[in-house]
Structures are given as structure tokens and as C-alpha cells.
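What follows is a short report on a single structure.
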Amino acid sequence: MEPILKARGLVKRYGKVTAINHSDFDLMPGEILAVIGDNGAGKSSIVKALCGAVIPDEGEVWLEGKKVNFSSPIDARDAGIETVYQTLAMSPALSIADNMFMGRELRKPGFMGKWLHQLDRPAMEKFAREKLSELGLMTIQNINQAVESLSGGQRQGVAVARAAAFGSKVIILDEPTAALGVKESRKVLELIQDVRSRGIPIILISHNMPHVFEVADRIHIHRLGRRLAIIDPKQHSMSDAVAYMTGAQVPDGVAA
Amino acid sequence: MSDNENYEAAVQSASTEVASFEEQGKGLLGHFHHALHATPSLVPLIVLLSSIVIFGIVVGSNFFSAYALTLILQQVQIVGVLAAAQTLVILTAGIDLSVGAIAVFISVIMGQFTFRYGIPAPAAVICGLAIGTGIGAISGWLVSRVKLPPFIVTLGMWQIVLAANYLYSANETIRSQDIATDAPFLHFLGRTFELGGAKLNLGVVLMVILVAVLAYCLRSTAWGRHVYAVGDDPEAAKLAGVNVNQTLMSVYMLVGFICALAGWVMIGRFGSVSPSATTGTFGNIQSITAVVIGGISLFGGRGSILGAFFGALIVGVFELGLRMAGADAQWTYLLIGALIIGAVTVDQWIRKVSA
Ligand SMILES: Nc1ncnc2c1ncn2[C@@H]1O[C@H](COP(=O)(O)OP(=O)(O)O)[C@@H](O)[C@H]1O
Ligand SMILES: [Mg+2]
């Protein structure tokens, strides 16, 4: 089976810092791929190189077998790749609905929308409310409240809802549950499985080993800017995974 | 599995109601705070209305006359249009020091194109609007593509445009009578009409329509939301799918266009075309003053254009009111200075999200 999203030999340097060091990447159709690694291993950098937020210095990326050269996140989004960034990418002063539809706003039908480009606020608000409810974010009282007035976890919830609502080919989640409470984390895991059951593959970066081992089909271990190994969670323990990613132990078949 | 390990299962029976709370008795101040938070242009509106009332009491009922109130509108029309332009740049967390210089230069271009080259006045006006947009495009390109700070770009542009204005015009003024006889179209925005005993001109109408149109665009179109997002956090806006460069470019070009409109308003207002009009040197500070008094954050992403409009009117009310009261003109500057600091203080208070 061909990977839906594939990268070979990616390199990204910031001055003297090498964030991605000749790394490969493979996401199979319909799978949940967890990416784990130490802080600073380059997990955020490599997924950003896959979704147009970082333009790699070297290397190639293929989506569904076709070579792609995303020059901005808009390109990747148009190709169906939706990302929840670690920084969330929200405009704090704007409302939840405005943020969910940023860059893909809905216009009113008829004259007002066609000629005066008027936003369809009611439709956007209704959609945003539905998506938040699906995620169990019931503590958000007002869909028009500014994102800056939400708690960190609520903000993360809104970002996840945005990606899940619009992703059509690949959804990338960079530490989506880091700031979430127990209930919201559980909802995000359910959502991830729900998205997979719709046939959409997911890249999940997380430090939460129990969650990773619960939902992942395969685990990509990232170390020192590159892919160290891919392991099957059914054949390795959590402590194996932690040992590999910290360098305490080398997985079978990997040259030390 | 022990109960402890299965703690997440309890989530199954979680409440599915959207949270709602009874509005607590926040008190009058709390409600006021909330209203200000929801509608940022309310503060300058309150200041505007109360300064009209105060001057009305101090100066006497003369101040409430249609004549006095329309005089204020007439006097703020140029700064009002420039403030509309300035608002757009400041919402993107930029600043434009060249607005007044562009207005003067374009008024000279409209005049000279008609009188030096014999181009029909309407065509000269269109050329002026196009050149103004072009100057904005250069600033926009330097800010969005070359990534230079807007302050530096427009500081340079201010000097360049002002010098170009003197060089091109050879420091020559076009007299009002000549325009009236040979190219009355240049005076178009100076045409006056009666409205309920008040005398208004088309420049004032243009200012009001401009503010209304921009208010609509900023609030109710995707472009407006992108302007706010870019000013709020450009990196987040980019990741979220906003074309940041294109948004900045559109803003600076629109600003150039609006400044060119202000140049045309100037011809209507002053009658003559003079390269040494004070707008060239003070237009930038006057427009920034109106914007700040209007409650728009210099850090970008917050505030409404109606606030800037009220800000311009507040300055006009102070100028006329103090003049009618016979006060030294320096009092105007002193009070405007206090108002600027006061506006930012109030802004900080409103900003507290606890409302
Ligand atoms: N924009 C940037 N400029 C400079 N260095 C960066 C930048 N982004 C990431 N890095 C560096 O690249 C390395 C990998 O970072 P990152 O991908 O965020 O790691 P992770 O997500 O695995 O914690 C770190 O050393 C980080 O300091
Ligand atoms: Mg990271």
C-alpha cells in the first residue's frame, strides 16, 4: 500500500540549529500515526514541513503519490490537510466563530453575499456551535466571545474542532490535549477515532503514552531531527518507546 | 482495571447542556464596563456628546446652532478622511506617516495635470487617485514583502512624497479663481447644499459615506476579519489560512487611494491648490490623534473605525469651542494632549477581560 503522505530526505536548518535532519515520513491511508519524541526533537518542525507552514531546505513531499510543493499553509489546506498547531494559530481578539472560519468565511446567499460580500454570521455561528458540542465543549457559553476570554483548554478545543470540521485528506494534531482536562482529552481521543472511522488518517503528536498506545496504529519515533524507527504499539511496551525516544535503548534493526 | 485506572469512564455520563449562568448583579459600573468592552466606539461617542454639551454651556447656545455644528464637520473633513485611512493601517499594527503628504501631493497632481498638460479635470482626478493608490502600493510592498517596519517605510515615504510635491509643483500655487473658471470639476467636493438650515458640502458627505462603507467592510466581510487577524497576530493569521501579504498590500493600496481622495477634498475645501498646505506636515499627527482618541489600539487588531470618526469630531469640537470661548489656541493642544493620554488609559481599563 502506498502512503497517503510521504516525505523523503527533509532538511530544515535555522542558522546553526538543525530542526529536521534528513528525515523521512510516511502516513498510511486510514491510520492513526502517533509521533513521539523528546522536547526539541523536531516533531513540530517536521509536521510543519508537511503542511506548508515551514518550507524545507531539502527533501520532497508526496500527497497521494503526487509530488507537492506547498508554499503556504493555505496550499496545504486547499489540498485537504488540516492542522492544529502547537501554538493553536488563533486571533485572540476575534470571536470563536470568526476563528473557526478564518480564511474560509461563509457569505450570505443572494445579493448581499454575492455583491457586497456580506458574511453569513448566523450560519457560521450555528456550525461553530455544533462542532463544539460534538467535542463536548459545553462550558463555552457564547460562540461570539473573543478567543482571548477562553481558558487554554477551551482554546485548544476550538482549534481541534476547527481541524476536524474541515480536514478532508489528512488531519495533523500537534499536542492537541496538552492543556485539556480529563473529559475534553477523552473527547478528543473519541473524535480522533471518529475521524479515522470516516477514513481520514491522522498524525498525532503527543507526550501522553497511555493515549498514544490506546489509539495509534503505528508509532513514529522522532529523535535528533529525524525518524529513528516506526514501531507497532502491540509489540512494544510504553517503557520501550520511552527508552527509544530518549536514546536509552536502540530499537532492533536500527544502527546505533 | 481498578476504579482509579478507569477514571475516564465517568465522562460518559457528563452533562451535555451548554453552560449558562445567571447574570450576577454586576452593578452599574459592571454593566457599563461590559457595554464598553462590546462596543469600543462608545467611549469616544460619550466624550464627543459630553464635550458638545459642555461647550454649549460654556459658550452659550450659539454652539448648538446648525451653523456651528456644520462648521465643525466642514473643518474635520480632511482629517476625518485621513483618519479613516490611518485606522486601516493601525488596525494591521502598522502606522502611516505619509498620509498628509500623499494628500497634498495628489491635490497638486490633480491641479497640475489639468493646468499644465490640459488633461480634462475628471481624468486628472482619476490619474490622481491612481497615483495615490500606486504610492500606497510601494509602501505596502516594502512592508509586506521586504518586511520593513511600517514606521520606517512611511517616515521615508513622507519625506520623499513631500519633496516630490515641491519639486513637481515648482512651489507654484494654482489660484482658486482659475480653477473655478477653467476646471470647476476639481472643486466638485466643495459644492455646498442646504440640509435643514445647515450648510454642508460634498466633502463632508464623502467622509461620512467613506466611514460607513469601511465600517461595513471591516465588520461584515472576510477582508475586514483578515485585517483584524493580521493586526492581532500575523503568524497565527498566516497559519490559520489568511494571505497576510495580500491583506497588507490591499490595506496600504486602499490607504493610498483614500489619501488621494483627501487631496481632492482639500481642493474643494481650500479652493486653491498649494504644495505648502499644512496637511503635508501635520496630516499624519492629526490623523493619528483622531485614531488614538477614537480608542483604536496602536498595537493593532482592536478598535472600530467609528471611534476614529468620533475622535476627529472631538478634536473639531475642541478647536471650535475653545475658539468661540475666546481661549488661547494653546489650550486646544493642551486639552487634546490630555485627551490622548486619557483615551489610552480608558482603553487599558476596558481591555480587562473580566467584564
Ligand atoms: N522558527 C525557529 N527558529 C529557530 N529555531 C527553531 C525554530 N523552530 C524550531 N526551532 C528549533 O528546532 C528544534 C526542534 O524544534 P521543534 O520542532 O519545535 O521540536 P518539538 O516539537 O519536537 O519539541 C529546536 O531546537 C528548536 O529550538
Ligand atoms: Mg513541538
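Including glycine, each Cβ sits where the backbone N, Cα and C put it.
A TrEMBL annotation is a machine prediction, not a hand-curated record.
Per TrEMBL, transmembrane segment is recorded for B:42-69 (among others).
Through the fold, the transmembrane segment (B:81-109) approaches residues 124, 127-129, 131-132, 135-136, 139, 143, 150-151, 154-155, 157-158, 161-162, 164-165, 168-169, 203, 206-207, 210-211, 214, 218, 227-228, 230-232, 234, 247-248, 251-252, 254-256, 258-267, 273, 275, 277, 279-284, 286-288, 290-291, 294, 296-303, 305, 308-309, 311-312 of its own chain, all at least 6 residues removed from its boundaries and within a Cβ separation under 8 Å. Per TrEMBL, the feature transmembrane segment maps to B:81-109 (among others).
Sequence-distant contacts of the transmembrane segment (B:121-143) (same chain, six or more residues past either end, CB-CB distance under 8 Å): 94, 96, 98, 102, 105-107, 109-111, 113-114, 149-150, 153-154, 157, 161, 183-186, 248-257, 259-261, 263-264. Residues or ranges marked as transmembrane segment by TrEMBL: B:121-143 (among others).
According to TrEMBL, the transmembrane segment annotation covers B:150-168 (among others).
Annotation source TrEMBL lists transmembrane segment at B:200-218 (among others).
Annotation comment: TrEMBL describes B:248-267 (among others) as transmembrane segment.
Counting same-chain residues at least six beyond the ends of the transmembrane segment (B:279-299), those with a Cβ under 8 angstroms from any Cβ of the stretch are 40-41, 43-44, 47, 78-80, 82-83, 85-87, 90-91, 93, 95-101, 103-105, 158, 162, 165, 231, 262, 266, 306-312, 314-315, 336, 339-340, 343-344, 346-347, 350. Residues annotated as transmembrane segment in TrEMBL: B:279-299 (among others).
Remote same-chain partners of the transmembrane segment (B:306-325), defined as residues 6 or more beyond its termini with a Cβ less than 8 Å from a stretch Cβ, comprise 40-41, 43-45, 47-48, 51-52, 54-55, 58-59, 62-63, 68, 71-73, 75-76, 79-80, 83-84, 86-87, 207, 211, 215, 286-287, 289-296, 331-332, 335-336, 339, 343. What TrEMBL records for B:306-325 (among others) is transmembrane segment.
Residues or ranges marked as transmembrane segment by TrEMBL: B:331-350 (among others).
The list of residues near the transmembrane segment (B:42-69) in space but at least 6 beyond its ends in sequence, with Cβ under 8 angstroms from a Cβ of it, reads 35-36, 196-199, 293-295, 306-307, 310-311, 313-314, 317-318, 320-321, 324-325, 339, 343, 346-347, 350. Counting Cβ pairs under 8 Å that are 6 or more residues apart, the transmembrane segment (B:248-267) and the transmembrane segment (B:200-218) reach 3 or more and are in contact.
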